[in-house]
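Student: I have a structure here, written as structure tokens, and I will follow up with some questions on it.
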Amino acid sequence: MSTSSSSSSSSGSSSGSENEIKIDKIQTGEQTNLVQEEGQTVYYEYVMVYLEEEVNEFTEGRKRKLFENLANVGLHTRTTKSATGDRNFMEIGTTNQVLEEWAFKTLLKVKKTSGVEDEDAGDYEEFNPDHKNLYVEAGDEGTIFNSCSRQKLLMRILEASKYKGGCGISITKLIRKKTIIDFFGLQHYEELDPLIEDWSKSWKFKQPLDRIRDYFGESIAYYFAFLAMYINFLIVLAIIGIPVAILTWPKKEESDISNQFKEQKGQVSLYYTFIVSMWITLLIELWKRRSNTLAYHWDMLDFHKIEQIRPEFKGIRQRSEITGKKQIYYPVWIRRVKMAISYFIVVCFMTAAAAAAIGINYKKLSTPNKEDYNPSMGTVIGLGAACGASIFVLNFIFKKIGPRLVDWENHKTDSEHEDSLILKFFMFQALNNYVALFFSAFISKDLEYVSTQLMSILITKQIIGQLLEVGIPWIKGKIKIRSAKKKRKKAKEAGEDVTKISQLEKESKLPKYESTVDDYLEMFIQLGFSTFFIIAFPLGPLSPLLALLNNLIEIRTDSLKLKTMRRPEPRGAKGIGKWIEVLKFVSVGVVISNCIMLSFADEIRIYGDTITTQENKLIWLICLEHGILFFKYIFHYIVPDIPKHVALSIAKEEYEKEKAHREALGRKSTTEESSTD
């Protein structure tokens, strides 16, 4: 196809005819990401979408300014009309030379071939032009950068300030000002299809993490790494929980084993609480070791040092007192005031969630004696479903408000922005999801009612969650494509020139994948359901089994979802970020919640002694809770976060760097002495 292209020297100079922008007649047709232009290969990775001038007054001058801005940093563009002619798709690409310059400048991590025995054996390192022969070929002709690396680099060029040689573009601002109406990264189906084929159709728990990382970036790869480990841990908890649930299940004719088990229910609850507390502690400690191993393998241990400033970050440009260079400054006290206001709004939403839960369970909570309130099974299930529905409604509203609050706080980096979003979302969703069960457990003290309500909420959430996560985006995509076909048909009937829908237009109709926050949030809320009420017999011990079955489906639907949605922006990460702190919070909540519920047992038998009075039970359980928390702390202290072989490798690398630095200083000193002589 013929295209309109613009380019400049990779140095970013703006002189001469190199930067002359020509806006030719826009064409339509099929696209390829790799194109030969002026004797060099151009890799197109991102697409900006804008409307025709007569639709949104997108003037030729504003278009020219945007094109010039892109060309001045060595980027290429080509523009294609939509099938109906009302939209223009401007692809943005660059050459291998520009990619190499920015890879070196931004310390991009690339995979080495040296010592590779299988797909997961090659380590990663910062790009070095002198080591190009050591890097894995991307599969595309003429470059060592795969599509993930190219999209990372291109986004850095677009978002980096002009002071640093970038475009200084904020995609969010361009969309808000309606300069463009959409922006997305291009899929590379020659890479994606084999990955999804091998990944989603395999029922092995081991995930192809290197391949996921090389296509979607570290952030998404970490999500699937944690999900796989979580599933493996759930298998253990589900196996333990099944016999406990069977033995405590109500029966017309009780067996001797069942009667004996029920007589010792308090003691079983105690041991079960300790097991679950150690289970989640072990999950935390082993994940930290796994996370640091992956961070070393992907060379992301220093990610916080190389993370780029968000283009949406606002402030005053002034000279740093430390480096002497100009940088954007935003007063910390102003952000703290904004964050305080944001958290106050979150608390207001949490209050509304608590009020809704009390309203739904008012009759149960207002009855002092549980014997006076004996609802039918249908009523209990109905109340659970009502709680599940109210949870989804309030979550839907907060998802609209939460991101706007975090944007208003004006965080400097994507990691800080996401951490703030995580805390707000988890605070609200934790209370919104658990408040009804906590009221029933701690006020009504009816654990059988809690266990039935727990199962009802879990099943409702998981069914609706899967429908919303997979079904709704698929339906929306189909509706958009069908709508585009109808427009094309009408235009054809009106005698207008209509062409085939391009791949660009098809991808623009796909639903967006925003980030991993929603996926993590769903997982951690589920973790709370599976552990906070684990001793709510008879159904509480079955909650890990339900979570396991859901996650076996989730890990495959999440992988398939990545193919049926737009390509996510590949983002770097050192681990799961603030979610590790959320996990620690949940682990403490597990101990406290189950110890409180232990106090509701008729009796607790410890080493042959029976504790029956409420005062003695309370004292003993406070000691138990403190003991378990102390044991968790000791376990955390003695288990190193970094495996020995990784720590040794890091130490060797630091030694080699220091040695090379000393040798370089020695050579410099020798040269200066020779010059003096």
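Quick reminder: no glycine exception, Cβ is built from N, Cα and C everywhere.
TrEMBL entries are annotated by machine, without manual review.
According to TrEMBL, the feature compositional bias 'Low complexity' maps to 1-17. Residues or ranges marked as domain 'Anoctamin transmembrane' in TrEMBL: 212-653. What TrEMBL records for 1-22 is region 'Disordered'. Annotation comment: TrEMBL describes 220-249, 269-287, 340-360, 380-398, 421-443, 532-555, 619-639 as transmembrane segment.
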Student: With pairs fewer than 6 apart in sequence excluded, do the transmembrane segment (421-443) and the transmembrane segment (220-249) have three or more C-beta pairs that lie under 8 Å?
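Tutor: No, since the transmembrane segment (220-249) and the transmembrane segment (421-443) share fewer than 3 Cβ pairs closer than 8 Å, they do not count as touching.
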Student: Same chain, outside the transmembrane segment (532-555) by at least 6, Cβ under 8 Å from its Cβ: which residues?
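Tutor: Contacts of the transmembrane segment (532-555) (Cβ under 8 Å, skipping residues fewer than 6 from its ends): 203, 207, 224, 227-228, 230-231, 234-235, 237-238, 240-242, 244-245, 248-250, 265, 269, 272-273, 276, 434, 437, 441, 447-448, 450-452, 454-455, 458-459, 462, 466, 523, 526, 589-590, 593-594, 597-598.
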Student: Same chain only, please: residues at least 6 beyond the ends of the transmembrane segment (269-287) with a C-beta under 8 Å from a C-beta of the stretch. Say none if there are none.
Tutor: 226, 229-230, 233, 236-237, 240, 244, 527, 531, 534-535, 537, 541, 576, 580, 583-584, 586-587, 590-591, 594-595, 597-598, 601, 604, 606, 624, 628, 631-632, 635-636, 639, 641
